[in-house]
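Below: the structure, in structure tokens.
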Amino acid sequence: MWVTKLLPLLVLQQLLLHLLLLPVAVPRAEGQKKRRNTLHEFKKSAKTTLIKEDPLLKIKTKKMNTADQCANRCIRNKGLPFTCKAFVFDKARKRCLWFPFNSMTSGVKKEFGHEFDLYENKDYIRNCIIGKGGSYKGTVSITKSGIKCQPWNSMIPHEHSFLPSSYRGKDLQENYCRNPRGEEGGPWCFTSNPEVRYEVCDIPQCSEVECMTCNGESYRGPMDHTESGKICQRWDHQTPHRHKFLPERYPDKGFDDNYCRNPDGKPRPWCYTLDPDTPWEYCAIKMCAHSTMNDTDVPMETTECIQGQGEGYRGTINTIWNGVPCQRWDSQYPHQHDITPENFKCKDLRENYCRNPDGAESPWCFTTDPNIRVGYCSQIPKCDVSSGQDCYRGNGKNYMGNLSKTRSGLTCSMWEKNMEDLHRHIFWEPDASKLNKNYCRNPDDDAHGPWCYTGNPLIPWDYCPIFRCEGDTTPTIVNLDHPVISCAKTKQLRVVNGIPTRTNVGWMVSLKYRNKHICGGSLIKESWILTARQCFPSRNRDLKDYEAWLGIHDVHGKGDEKRKQVLNVSQLVYGPEGSDLVLLKLARPAILDDFVSTIDLPNYGCTIPEKTTCSVYGWGYTGSINFDGLLRVAHLYIMGNEKCSQYHQGKVTLNESEICAGAENIVSGPCEGDYGGPLVCEQHKMRMVLGVIVPGRGCAIPNRPGIFVRVAYYAKWIHKIILTYKIQQS
């Protein structure tokens, strides 16, 4: 008060006004809490509701638009005559049902309901604590030494001041262990033993409920906080951070609620956070004592070939496909990285051997070439498929097995629900007697095997992981001397020794990863790009890092600013097994003009006559140290598969999914940096993309023609994808 006597009244008024106008500083944790979506505090059980057998248990219901609104009212107990422990959101009727009980309450049971989603407050059902356990509201009522707890509203045998009425919001119910003051040691209780006043309860930390093995890829525990204490963002939410790890898209990754997971091969489990300034952080989860792994978690170890994606490959191949030696995993030269033996202890990162520690498409390594960061060891053969597996003959149109999952793990959708979509892309009435339940089938005579529809709007359909029966193989040689079907209708691969081109190549695409050119591609529709699978080595890469540049001649966009179009990639669609193709769906359609155009696809199954002159395009390595960044073209002529095999000294046997082309006399052709680019041929004055550049066996080697993916063999698949996948409107 002495200050008011010393300061003139005017000065005091100005001081008070200044203090009132000062911005309020909100601590980070508190600020985060205010922005927090309360739905993160609930455990979701999809297509589930609760049925109460006890008529005395109350229920409150009201129409609301979203589950988030239901959660907000449940957490705040706003307008509810009880403490809300769970709620059900009726998606069909847009209605909330709030409960003072949950699935663990006596006289309550779960029941399937397609239109319902059950959300239970985690604090009331979790069997572990976070930090000091101040939020724990579970039902443990035994102390660490096994003594039964005294009820909180009782004074026998111990008198105390911890009455439920004095600690509202702390849930001092029954005789359950609690930590109302957030003290060290965790939840506790007064005991029923007159000799022991109180004792802590033996409730584990959530980080210790389930330990992790290896890098935690199989961790399915309940940890929902990062190692710095930040709350995890729900996997089925896109705020505050947008991401691609949607539960319906990755059903086998354990994306339950907002629990820590490791879907992309990081050193350990992590999660997106609710802090807008911190996209993601690692979680503190203890390692299992003996790092034992379930049999289902361990990839099959091989040394001479790769099984699946090669995650279990333990051989000694130590060069990438073109012979460049691998960098040691424990070295940071010439490439710095965090995929070290210390971070990936169970991935056998010995020496410089090819490995697949992060779930990429196949074994790979960092290379000793400073200009090539990563290379794939695609020269390692695939292991033979066991004849005992479920298999199909021909193209699988008569397959009648019971498999009902796609190659990406999605459950197939019932055929009867998708007949309208099926009729949209076939011109005959399918045999409904074969379309049993949701089993994999091939009603449209797809050349690449059985498939099914899914319930995922992002992936309307996909192939099933069924292989052709042993002994029933595709013909390996295509004789191009026979009458042919006309094709026309009424690390980086680079073109070596090509010449600069400014011809009309508006369909040519430069794919950028973090603003660096990595691959070529072809614009085949306004919203679709055809490129090579090797350009996207992992399904788990964030598509936000990729851009498609169109309308450019210079790979850096110099001088092309007015005509350049830069588009984001919204989705990858992987081609049939073994195709090496990828279709990219653009976030918005390209605008066709004088500088951007589409290129035609060939007729399905067509072949181009031998000695037809075609062209490959790319921005890759040119054989010169001073690469000018300009688009290059190299002219090649089509070569029959049998003759092509001879040029490769019989070491390569081509099949009908491949096409061969080589240069006449001069050393010219695609090389590192042009993956995904097109082999373009002209027939009846119509230019078409006949091939796609994929990793070969060296760059423009004399008398060694290039082998490309034959687009005509996959033309029906491309048309089917374009027809069935919805286009995002900008």
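One is the number of the first residue shown, and numbering goes on along the chain from there.
Placement of Cβ uses the backbone N, Cα and C atoms for every residue, glycine included.
Feature annotation from Swiss-Prot assigns signal peptide to 1-31. Taken from Swiss-Prot, the feature pyrrolidone carboxylic acid covers GLN32. Swiss-Prot lists CYS74-CYS84, CYS128-CYS206, CYS149-CYS189, CYS177-CYS201, CYS211-CYS288, CYS232-CYS271, CYS305-CYS383, CYS326-CYS365, CYS391-CYS469, CYS440-CYS464, CYS644-CYS660, CYS671-CYS699 (among others) with the feature disulfide bond. Per Swiss-Prot, domain 'Kringle 2' is recorded for 211-288. The feature N-linked glycosylation site is assigned by Swiss-Prot to ASN294, ASN402, ASN568, ASN655. Taken from Swiss-Prot, the feature domain 'Kringle 3' covers 305-383. Swiss-Prot lists 495-723 with the feature domain 'Peptidase S1', giving sequence analysis as the kind of evidence.
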Out of CYS271, CYS326, CYS440, which of these disulfide-bonded residues is nearest CYS644 (disulfide bond) by C-alpha distance? CYS326
Among CYS128, CYS232, CYS271 [disulfide-bonded residues], residue with fewest other Cβ within 10 Å: CYS128
Residue with minimal Cβ packing [other Cβ atoms within 10 Å] among the disulfide-bonded residues CYS74, CYS288, CYS326, CYS365, CYS660: CYS288
Relative to the Cβ position of CYS644 (disulfide bond), how many further Cβ atoms are located within 10 Å? 22
Same-chain residues at least 6 apart in sequence with Cβ under 8 Å of the Cβ of CYS177 (disulfide bond), in sequence order, are TYR136, GLY138, VAL140, SER141, THR143, CYS149, PRO187, TRP188, CYS189, CYS201, ILE203
I'd like the per-state residue tally for the domain 'Kringle 2' (211-288) from DSSP, helix first, then strand, then coil. 0 helix, 13 strand, 65 coil
Return the single residue from the glycosylation sites list (ASN402, ASN568, ASN655) that has the minimum number of other CB atoms within 10 Å. ASN402
Taken over the domain 'Peptidase S1' (495-723), the predicted model's pLDDT averages 84
Using C-alpha atoms only, work out the spacing between ASN402 (N-linked glycosylation site) and CYS288 (disulfide bond) and round it to an integer in Å. 37
Quick one: Cα separation, CYS128 (disulfide bond) versus CYS84 (disulfide bond), in Å? 20
CB neighbours within 10 A of CYS211 (disulfide bond), counting all protein chains shown, number 17
Rounded inter-Cα distance in Å - CYS84 (disulfide bond), CYS232 (disulfide bond): 22
